[in-house]
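Novice: One structure, pasted below without further comment.
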Amino acid sequence: MLSASQFLKHRVSCLPMLNKVESDSTDGDPDDACQHPHDCNIFSVLVNGATDRLEGFFDESDEEDGDEVETPSTTTTAVSPSATMSAPSPTATAPTPHSGTHTPKSPLHSISHCPSFNSVAQALPHSLSPHSLCHTSSHEASRRGSAEQPSRTQSELARRIKTENILNSFHDSLEAAYEKCHGGANPEEHQSNKTEYFQQKLKGFAALDVDEQLIADYPVWLLKNVLIQGHLYITAKHMCFLSYLPRRQNANIRSGTLVKARKRSLREGTRYWCVLKNDSFSYYPDSTDVYFPAGTIDLSEALAAELCDDEGDVTEPESFRIVMPKKSVLFKADSHSAAHEWVKALQKEIFRAHNQGDTVRIVIPLQNIVDLEKTKIFEFATTIKTSVVESNETYAIDEYIFTFFKFGDDVLRTLTENGVEISGGNFSPRQSQLAVGHKHVTESVRDSTLLHASGHHHHFFHSAHHESDGKSNSKSHTSSRSHTPRNLTPQVTGEQPHERDEKRDSKLPRLPKFLRRFKDKVDDKCDDKPTLVPSFLKSRASSRRNSAEGSDRPNLASQRTSSSTLFPSAPPTPGSQPTTPGVHAPGSSTPGGSYGTTTPGTPASADSVSLAGTPGVAAPVGDIEGLNGNPMPAGIAAELKEKRKSGGATSSGAATGATTPGGAAAPGSTGNSSPGTPGGLGGPGAVGAGGPGVMGGAESAPAGTVPQQSHHAGISVVAPHDPAAAAAAADAAAPFTRGPGSGIPEIQDDSDSSDDDHWGHIGTAEVDEDPEQDTFKKKNKRFSTLSKVSDLWSGSTKHYGKHHTERLGDDDDKHLASAEEITESNERFQKRFALGTEERLIASYHCHLHRGGIPTYGKMYVSTNYVTFRSFLRTKTLMIVPLKVVENATKDSGFKFGYSGLVLTIQGYEEIFFEFASASHRDDAEVMLLRQLDIIRPHINDDIKSDDQYMLQSARLCTYEDALKAEANVEMPPVIIDGNLASVLPGLVTPQSKMLFTLLTIGSRGDVQPYISLGKALIEEGHRVRIATHSEFKDWIEGYGIEFKEVAGDPSELMKIMVDHGVFSVSFLRDAASKFRGWINELLASSWEACQGSDVLIESPSAMAGIHIAEALQIPYFRAFTMPWSRTRAYPHAFIVPDQKMGGSYNYLTYVMFDNVFWKGISGQVNRWRKKTLHLPRTNLDHMEQNKVPFLYNVSPAVLPPPVDFPDWIKITGYWFLDEGSKDYTPDDKLCRFMEKARNDGKKLVYIGFGSIVVSDPTALTKSVVESVLKADVRCILNKGWSDRLGKKDAKEPEIPLPEEVLQITNCPHDWLFPQIDACVHHGGSGTTGAGLRAGLPTIIKPFFGDQFFYANRVEDLGAGIHLRKLNVSQFSKALWEATHNERIIAKAAAVGRQIRSENGVISAIQAIYRDLDYARSLVQKKRGYTPTSDKEEETWTLVDDIERQMQDEVEKHNL
């Protein structure tokens, strides 16, 4: 019977087998797939994974059928391992496509191939059944309470994820819901009803017509800049792609240290702690100060994330950039793999940020499809490139790349039977454009992944059903608030079109390698320019320019601008009407060569095109770049250029507002082309007129004059030289000027004036103003400026919603902002703090933030989920605090006279203090905060998923990418699997061959215990594990099924000398050198013997031999330890802890000093051992490169926050707990009665135990403990380990009589005992410290030696305990009372416990090992054959030494 980990590993091992061909049907039992992993291949994994899930699409009940069906919530699920591993049903056959007139028996292909829950459950071992997962005795559950944290090894992880995913599978759940409501029908009626049920759900979700029939359903992958798993639904009129991409709110997707470049050079950079979340990328000066970022990047505005070439290494760059509309931000990682992982994570999150909502919905009308081309991008899949007309307004061609691992030919057949033509790649670019001209398009493509240029989505899917008359999309565009696209300012330039294209292309984001490779392949197939290159292979602007030859549409890389009037690439059908006032209808070419014939009610000129977001305002074209920077069609541009040179016809035509087919003015035309055209934009001097008009004046102005520019109402054009034309232009734009009577409200800034230029003038056109309006504008601007300054210094308060001011009547709230101001302020707030478009501003206050004793003046914002702050007056303080971590907001007095204070209590953080100039403002802020806290607290955990599920999804995600990359030999785009949370932690990619891990350590029981936990998890991964340590731990280690090898040394002697000296000192070195010189030789020899045959070596650095053994064996080498051993400025070396904090320079110096002194003491013996036993040359500190060795710290990040100066290969994984309490432990009845009596008496329970330390006077220590317990009035559970070693008396017999308030025990598992007591006292060992804090216990630490002093300081710095420097009755009793009664310490310890319980250090360690395995191997290989240059004599003999050793190996190998 397979274990859960084996079940998972077999599936992972199947992934790289791409060369096998999978048949569509299987003759054997589908459950046999679990027993024969080598029969699987990537096809079965990917296809079944794709067909397994479309969860979350139809989670709302259908109101039309009136059934209350329980469907899965929108929480995230992953591709079920069980589903992906199940072979197709033996009866499943390839689906037969059907036309729209014939009703198929079963159009849902994925349903017919989806394994049911029962069949998958039968394939599971009995131990993995859902029943077994819930089995926990009520007694044990009641004992552990909230502090329970079971051991989550890979086996348990696989069990939980498997069951949850089976239950949450879309098809299983939807079928189950259907069976619940419609069960009992005959088979034919049953299938018909099921198809109708799915159709109804699809119509509501994709906004289709009520009578539209579902024809077929296929699993598919959409290839954009990421690879997205989803489903393709073909109906009678549409082709719909649906995929579920839920998000985990406020979750850290990836974090680590990066160097941020300054001045575009990595030579001048600052190292930051960087955190990637759903919609933002933030960097912090310190990993502990996570509420005050140094900067935040809004990913909804990011264009791309890509690797960039380093100055030193182009093949494996360690740098990457985040491309923004106006700049690029450069970062440098510590390794190429780390940079690659950051880029993959950023690409996924940028895509999610651009997508509308948590689902990818693309609805393509079949009538819009211009061409279907079957291409060969992947050798193992069918790829279909679909060219579609975007809308009847732009007639631009979009391209969608769909990849099918099955049913590719069936999809083509189904589409052709529904009237879609297939070119087979024979269409030229010109033929594609001609095909567009003959298309009768009445609908627009609806794509949730495309944005406005301002970062806001089109709301395509608001209504349940869309309109099919071609107007619905326009309504949706105009109903939402219009945003001015960026980079739309027309510019007069003398450059040739091809020169502008080259410059523009050079500024576009550079394509990744895998895209450039695909691009080159496609370019070779094209006759002309690479016009048929898919849009994901080139920038959106470049693709649109080449494919449509001048589809002049505003765009921002892959983002889409708001609906605006643009020239189509080919004339539409005659009679088409514009959908919005002031928008040009596509004209038709005439024999006279004129283009752009206008229709009634449409202001137009032959050479103008209206600006986005401003109805009726036109801008010229010609050789001037269009709204998105793309050139006009060549024929139109040449014609308009010729007209401007002639100077007559265009001007006349534009002045009258209409043109004849020949381009002349229509007789009798007036300035107002129709009653519906505002402002008479077709009148004399209208914007866009040629000759001496607005733009024409730039060419016709006298020599030596420079056209002026003016700003008015956010519209920007080059002002004419002719005053009359200028006045006419001002009159034309007057109705669109902000101000009284204009109809456009004046923007009211909430003192965020720094962003006005960005939001008000980017990408807009400017027109001149008349003197009266200019005077009014200046006065209004002065008044607005004075108002802002007054608000800035008076500490004003503003509310941004009536529903948040219940304590006042709507008419009485003097702080309520206007509707326009609410909109503008929300936009600026969302942009500044990068919190997403769903975050809404509630209130804002001017106040001081006190941080580090220094007041900083700025503005505090309260939003739906955050309280934020930004500073004024040239400072850069930024604060972002989620409301879910705010425990309370309380009033306080201010530091300055007359000021009022507000204190925010934060979970696991220091209080944040605000100071207000007025008590009323402070009170208002308190009310708003507390009210919002009451609103969100019931929903804090609504979107939180299981950490196990979150982790395994990312593992599967990386496995898909790595497998495809390995077999297809191409650089794959990042993969987003349906239902994935996009965690980018390094995946659990199990090595193809099982390995022997040797774990080498010395010391006490606490030093060995973490390695047992790691060894158990590695065994469940399928590897062999060996622990090499002292002989007294042999039975304990072998009891867990782990191999044991002995190394020399007596732990008791080691601890005695360390206790005697306490810390690392000169006397310690002198005694150690005299007593342990012989022991070091034995340790080195025994360690070498214990590591023979190992494939990977993980060593505690205190063992001293591991790095040399790994070099001799040429195997990957890792270090793992419980205390700081790597150089950093954040903490001192654990053996050299000062009495007071000495700063970063001193901390770093302690590591340098320790490394040199430690190596000086053992270097002679080590080098002799290397030469004699290992046959290696002498070495030194520089050659060993210890700082480059991958390091695993088995400590929680809550206790040891990662320093910013730690490189990427140093990981703080979390504690490696060995939960022995869950291993059939039965507590002593005497202990249970003692604990119950203490509870009944209302006394606090305290555990006191100092581990296996050695003390000189055990009786005196016991006496001090007993007297302190009695004085503090607590009950004590005493574990007297200090008498177990080197004592004269029996350790089980007490030295002094113990009172009834004290119960002595021998051994009791910490994971069983600690959740049931109130505080703990111990020696400060890493394992005991972690166990106590995990249970949320206030901790008292009395250190004796080594790292215990370090952890005593850390616990005290965290506020979760007390560092007891002297163990006497007075100080110990006081500490006991503080730990059991101080609410501040109790609350802080509970917060740290919650964080530790959310971690899984063992799984994180295995992830780090797998990820850094190649890196560790490269370090060892680089050292091979090295000889220090300081010893030239030995250097000459190095090669001979190596040859002799190799020859000896060959002789022994062949038994010669």
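Each Cβ is built from the backbone N, Cα and C atoms, and glycine gets one as well.
Checked Swiss-Prot, it gives:
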type	residues	note
REGION	60-113	region 'Disordered'
COMPBIAS	60-70	compositional bias 'Acidic residues'
COMPBIAS	71-104	compositional bias 'Low complexity'
REGION	128-156	region 'Disordered'
DOMAIN	200-247	domain 'GRAM 1'
DOMAIN	251-351	domain 'PH'
REGION	462-512	region 'Disordered'
REGION	524-776	region 'Disordered'
COMPBIAS	556-567	compositional bias 'Polar residues'
COMPBIAS	576-606	compositional bias 'Low complexity'
COMPBIAS	647-676	compositional bias 'Low complexity'
COMPBIAS	677-696	compositional bias 'Gly residues'
COMPBIAS	719-735	compositional bias 'Low complexity'
DOMAIN	827-893	domain 'GRAM 2'
BINDING	SER1004, ARG1005, ASP1007, ASN1279, ASN1307, HIS1310, HIS1323, SER1326, GLY1327, THR1328, ASP1347, GLN1348	UDP-alpha-D-glucose binding site
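Let's see these features in context: how buried, what's close, how far.
Specialist: The local packing around ASN1307 (UDP-alpha-D-glucose binding site), expressed as other Cβ atoms within 10 Å of its Cβ over all shown chains, amounts to 9. Look at ASN1307 (UDP-alpha-D-glucose binding site): DSSP puts it in coil.
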Novice: Around SER1004 (UDP-alpha-D-glucose binding site), how many other CB atoms lie within 10 A of its CB?
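Specialist: Step by step: centre on the Cβ of SER1004 (UDP-alpha-D-glucose binding site), count other Cβ atoms within 10 Å, giving 20.
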Novice: List the same-chain residues at least 6 positions away in sequence whose Cβ sits under 8 Å from the Cβ of GLY1327 (UDP-alpha-D-glucose binding site), in sequence order, or say none.
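Specialist: Listed in sequence order: GLY1006, GLN1009, PRO1010, THR1122, TYR1215.
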Novice: Widest Cα span across the UDP-alpha-D-glucose binders SER1004, ARG1005, ASP1007, ASN1279, ASN1307, HIS1310, HIS1323, SER1326, GLY1327, THR1328, ASP1347, GLN1348, in Å?
Specialist: 23
Novice: What does DSSP call ASP1007 (UDP-alpha-D-glucose binding site) in the simple three-state scheme?
Specialist: helix
Novice: Average the per-residue pLDDT over the domain 'PH' (251-351) and send me the rounded value.
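Specialist: In the predicted model, the domain 'PH' (251-351) has a mean pLDDT of 85.
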Novice: Ten-angstrom check, please: count other Cβ atoms within 10 Å of the Cβ of HIS1323 (UDP-alpha-D-glucose binding site), all chains counted.
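Specialist: Counting Cβ neighbours of HIS1323 (UDP-alpha-D-glucose binding site) within 10 Å gives 24.
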Novice: Name the residues of the same chain, 6+ apart in sequence, whose Cβ is under 8 Å from the Cβ of ASP1007 (UDP-alpha-D-glucose binding site)?
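Specialist: Sequence-distant Cβ neighbours: THR1001, THR1029, SER1100, SER1102, THR1122.
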Novice: How many helix, strand and coil residues does the domain 'PH' (251-351) contain under DSSP?
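Specialist: Across the domain 'PH' (251-351), the residues distribute as 16 helix, 45 strand, 40 coil.
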Novice: Name the residues of the same chain, 6+ apart in sequence, whose Cβ is under 8 Å from the Cβ of ASP1347 (UDP-alpha-D-glucose binding site)?
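Specialist: Listed in sequence order: THR1122, MET1123, ALA1134, PHE1135, GLY1324, GLY1325, SER1326.
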